[in-house]
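As recorded in Swiss-Prot, the features of this protein are as follows:
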type	residues	note
ACT_SITE	Lys24	active site
ACT_SITE	Asp149	active site
BINDING	Pro107, Met108, Gly109, Gly110, Gly111, Ile112, Gly113, Gly114, Gly115, Ser116, Ser117	ATP binding site
Amino acid sequence: MTAALTAAPTLPPPELRDCPAPAKLNLFLHVTGRRPDGYHMLQTVFQLVDWCDTLHFRRRDDGVVTRTTDIPGVPAETDLIVRAARALQQATGTRFGADIAIDKILPMGGGIGGGSSDAATTLLALNHLWGLGLPRAELMRIGLALGADVPVFVFGENAFAEGIGEELTAVDLPDSWFVIVHPKQHVPTAEIFSDECLTRDTPLSIIAVFAACTNKFSFGRNDLEAIATAKFGEVARALEWLKQFNQHARMTGSGACVFARFPDEQKAQQVLKRLPPEWDGRCVRSLARHPLAAFA
């Protein structure tokens, strides 16, 4: 009897364009402790929104990974995009490489996860383009080594996060419109987390308490906000400006972006039209799932 031949897996076309890397908002962010290795223990809820960088990938057969777009201040060798691609190569032993271009829209140092989201989109897109078929949990493990915010973008859903941000539970959040204000000030994450005045003992909450909250957008607080607004005056000014329209406005991540939820797009656009000209702002809509969630 002739043995049946096993066909090699069929690869997708060599080019994958217009891959979104969405921003995230931290609806609250509690610092609950600090590990011996220096990482902070957190509780937060991640909300994905439709403000995105866009990445483009072309498969190579020689194993070379290149970033074809220049990003001022970010050398290709240290870029999370390139590091993510190489981490995926190392984890799988694939012979493939990639040319990667990016339309960089999300501000760096904004607290909206731009670099982490770019890394996650790279992992998801190349998992597909290289025909690897890795499960989501494995991509999340690879992503965690790149940064604590990478796993939630690979996870692909809005999530209640614990640990250093990698212990994720999906949460249902209402369809929402937000105004995000970027006061054009770069806030270094390490500077905020290392500040001696940072509170690191916020009591633990449980997901059921958040789920039962009638207004999930006023739950808790951002423990990093007081530090960032004391150090960076434009962040403080932007937050106070936005609180004119929604008293529950708050900072996302370690800043510099601040945000508030509004009843509908019309109201959000009305607020955005009053934005002081020295700042950038966006009207964005919530996402229920990551646009590339099907790639894992």
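Backbone N, Cα and C atoms are what each Cβ position is placed from, and that goes for glycine too.
Feature map: annotations from Swiss-Prot on the structure.
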residue	record	contacts (Cβ under 8 Å, 6+ apart)
Lys24	active site	Phe46, Gln47, Leu48, Val49, Ile112, Gly113, Ser117, Asp149, Val152, Phe153, Thr252
Pro107	ATP binding site	Gly114, His182, Lys184, Ala256, Cys257, Asp280
Gly109	ATP binding site	Gln185, His186, Val187, Pro188, Thr189, Gly255, Ala256
Gly111	ATP binding site	Asn26, Val187, Thr189, Met251, Thr252, Gly253, Ser254, Gly255, Ala256, Cys257
Gly115	ATP binding site	Asp79, Leu80, Met108, Gly147
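In sequence order, Ala23, Leu106, Gly253 are the same-chain residues whose CB sits within 8 A of the CB centroid of Pro107, Met108, Gly109, Gly110, Gly111, Ile112, Gly113, Gly114, Gly115, Ser116, Ser117, the residues recorded for ATP being left out. Around the Cβ of Ser117 (ATP binding site), the number of neighbouring Cβ atoms within 10 Å comes to 27. Around Asp149 (active site), a 10 Å sphere centred on its CB holds 28 further CB atoms from the protein chains shown.
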